[in-house]
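First up is the structure itself, then whatever we jot down about it.
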């Protein structure tokens, strides 16, 4: 699956067309149904505005919100998004009480002059995800004929399909892969994701560094496997570094995370790194704690001293940070997935802050820095540096699967240029 040859929305004539856009409006709501963080709505604005400005007859937005499990549940209605979207767009938005059916088709077909229509939650229908849950919480597969009918129902609402929901691109859901229109284009968000991941995975400026954190080696094995033939260096940090240190160098790790299953593959990873001439950088010192808490007794340890029993490593220490800074400064492409420490707790956030500073410096001096979703994206948001990094991915699971070398159904379904 080539990432760089997908049809962008800018190559499609939208004049007079009904433009059906899959957005990601899966936003958090408080108990009064107010949107508490509109970031995902803001993210979709460039694509929505582009369709309006380029003469679309109707701009039809479809999304999921939460996990209603294939049944109508007012708690997960997309209606609270309407006032937020109206304010951001500066124009009225029509809400359709269902995402398919004759009434919805009538609303869409009557629209003119770029009228924006937001459809109700796709996941109120079991046919979106392909299954629902019964009263006992067991999965019930949706009937194939019903799924086909639902997909036809969505297809009937547009002349052109645009996907701007990268966060759901790894799911083969009906709204991602089942809309059967001649032109299926990438919106601006998806286009940016694909461009940056193509830069890293298909034609990186070298040296190419990957920084991988996370708890378990076994969770990241596919990722490491797919990246080793592509990168020049690899920083292994976070909880999974302890499995490497104990297995390779017999460092005493106290009560730190140890991944028994992962430890069996550490040797293979090191051999493969040698084969591809990849330098693996591991931490050499640690910030320790007697419990997983902000008010823990904090200590320091090195490889030589080891971490004493009763203590665990929750961050890497200043010497490790220096190693990371040097490696980051030498790289031209940096892909970062997983923080070095438990940044949510203040005493164990300093290596994450220092790594982030180094990444920002690298981006400012012209390197391409990509943050791959999930916890690391949370870090970038927490320290308000998203605009200082070349690209912060919006899709945790989707970016991880892409980096693991998997094909994303939502991307594969798009037309080629």
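Every residue, even glycine, has its Cβ placed from backbone N, Cα and C.
Annotated (2R)-3-phosphoglycerate binding site per Swiss-Prot: 23, 24, 25, 26, 39, 40, 63, 64, 66, 67, 122, 123, 170, 171, in sequence order. Summarising the annotation, Swiss-Prot assigns CDP binding site to 214, 219, 238, 338, 343. Here Swiss-Prot flags 214, 238, 343 as ADP binding site. Here Swiss-Prot flags 215, 219, 375 as Mg(2+) binding site, drawing on similarity to another entry. Under the heading ATP binding site, Swiss-Prot lists 215, 220, 239, 313, 344, 375, 376, citing similarity to another entry as support. Sequence annotations record features per position, and here Swiss-Prot assigns AMP binding site to 215, 216, 220, 239, 313, 344 based on similarity to another entry.
Location within the structure of each feature annotated in Swiss-Prot.
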residue	record	CB count, 10 Å
23	(2R)-3-phosphoglycerate binding site	27
25	(2R)-3-phosphoglycerate binding site	23
66	(2R)-3-phosphoglycerate binding site	16
215	Mg(2+) binding site	16
216	AMP binding site	17
219	CDP binding site	16
239	ATP binding site	23
338	CDP binding site	25
343	CDP binding site	24
375	Mg(2+) binding site	18
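Sequence-distant contacts of residue 238 (CDP binding site), defined by Cβ-Cβ distance under 8 angstroms and a gap of at least six in the same chain, are 212, 213, 214, 215, 338, 339, 340, 341. In this structure, residue 313 (ATP binding site) is part of a beta strand by DSSP.
In this structure the C-alpha atoms belonging to residue 239 (ATP binding site) and residue 216 (AMP binding site) are separated by 7 Å.
Counting only same-chain residues at least 6 apart in sequence, those with a Cβ under 8 Å from the Cβ of residue 63 ((2R)-3-phosphoglycerate binding site) are 22, 23, 24, 25, 26, 78, 81, 118, 119, 121, 122, 165.
A count of other CB atoms within 10 A of each Cβ picks out 313 as the most crowded of the binding-site residues 214, 313. Cα of residue 313 (ATP binding site) to Cα of residue 343 (CDP binding site): a distance of 13 Å. Annotation note: residue 375 (Mg(2+) binding site) sits in a helical segment as assigned by DSSP. Here ADP is bound by 214, 238, 343 per the record. The longest Cα to Cα distance in that group is 12 Å.
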